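Sequence annotations record features per position, and here TrEMBL assigns compositional bias 'Basic and acidic residues' to 1-13. Per TrEMBL, region 'Disordered' is recorded for 1-22. Sequence annotations record features per position, and here TrEMBL assigns transmembrane segment to 76-95, 101-122, 198-217, 223-247, 332-350, 370-392, 413-434, 449-470, 491-510, 530-550.
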């Protein structure tokens, strides 16, 4: 088995070490590349089939079979999705600190399979559901709601699935990207398209879930639909394990959170210490693995060598003094937080596609001839939109942007995020207008308009996700320190998590403030369009804040390259060498020295 265990905290000497499954240096001709990445992504493909098959149609089961109110059902779904993505932080921490990405993905996939098996049982056993409620009793609100005992197994299944899914999500993209050597021009070129193709592939899994599995759930049985999901997850675990000889592994470097907290505590402890006359006097400055930056200068105090440390040769004790490398890595993490905060509301808007939009579809005209399209299957148009724009990004937008900007990336990660946020605001404006018209026609003319009008919001949110998801994933992985790649993916997933939790919070607040006049079980008697307008306004304000943060963000410095002279240089995205930038930083630091 691969030697990926981390015994305690590692020093930096092994940082970036890449080995095969026997722990030996990799043979690039036999490991990594698209074959290995493809086998790894099978786990995320199956996870997406399971999660999308649950989330996109769960609200109809909660309302229709368990007789739970629309607002409470929406909260159950968004809390499940929020927990799943929040647990990505735990999965990222375990991978970076102890287990490595391979073991974390394998264990998480197994836990996910267990969770979906439990869900199959929860929706199949008759005693886990309340008595059937006919249309008459439903109309007069006389249905018996599922009790705590009946919901216990359902909750256990959902949160077991969430635990496993979070571990997969936070590590599979990082483990997949480990299969490419960015120092090899050929593999670096393949790496450019990795994130787009990664997302395109898992979107195909989502499409299968919302078309095939949702239909099976509604027309054959919930047990059959969730059972198929469980089988795909078991197969994915087997494929992942069988591909072990072809993978490249990066050894875990110890807990990244330990480094973060230690730097913060040392900076606080040494807050009264004067700054040195020059940054080069900071601990281990000459052996730094990342360039020194003057931003968040207060953290530099963690790397100040006081007289006690110098006298007792304690400069290698990380609990007494940090290194410049560790301080700069913590600065990188802090730089991510402003962008992180402005990504949350996109996922709050996205979460409406799994809850209230599906509820809208249930009371709209869904027939094509004699065939009735399941309400949850309309989410297929969300996935189709994602696939369309992901393909357009790779084949049209990125090549065009490269010609215009002469930037190898074409569209930067922050530009992708900004475009995604813009689409999400437009989606809520369209959703509010359509819901107002739908309700007025349904109430005044007693006519159901076509559910295909929902394609407007599905299309716009899908287009936004194609830009925002890829942009956020790329931003958090590229901009975070290398040792914290899995944790940074977890940080990205936490934006999705917070988005779903914010949705739950907003639903609760709106429900309370409006005395349940906006969000009602019978949408024809509510004012869902006002809720959509609220999200549109919040989304627009959030977009303005994002533009301010994005304009001030400084991208992480690139890896070393060999110039023609044979001397190593580090260059930033603006082409300026790190030596020049550090010279500026040093001058700034000298000017900021405390008296």
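Here the Cβ of each residue, glycine as well, is placed from N, Cα and C on the backbone.
With pairs at least 6 apart in sequence, the transmembrane segment (449-470) and the transmembrane segment (491-510) have fewer than 3 Cβ pairs within the 8 Å limit; the two do not touch. By number of Cβ pairs under 8 Å, the transmembrane segment (449-470) is matched best by 370-392 from the list 76-95, 198-217, 332-350, 370-392, 530-550.
With a threshold of 8 Å between CB atoms, the same-chain residues lying at least 6 positions outside the transmembrane segment (76-95) that come near it are 51, 54-55, 58-59, 62, 68, 101, 103-104, 108, 158-159, 161-163, 165-171, 174, 252, 255-257, 351, 354-355, 486-501, 503-504, 507. Tertiary proximity for the transmembrane segment (530-550) is limited to same-chain residues at least six positions away from its ends with a CB under 8 Å from its CB atoms, namely 338-339, 342-343, 345-346, 348-349, 352, 356, 414, 417-418, 421-422, 424-425, 428-429, 431-432, 435, 506, 510, 518-519. When Cβ-Cβ distances below 8 Å are used as the criterion, the transmembrane segment (198-217) is approached by residues 37, 41, 44-46, 48-50, 52-53, 56-57, 61, 173, 176, 224-226, 228-229, 374, 376-377, 379-380, 382-384, 386-387, 390-391, 394, 466, 469-470, 473 of the same chain, each at least six residues removed from its ends.
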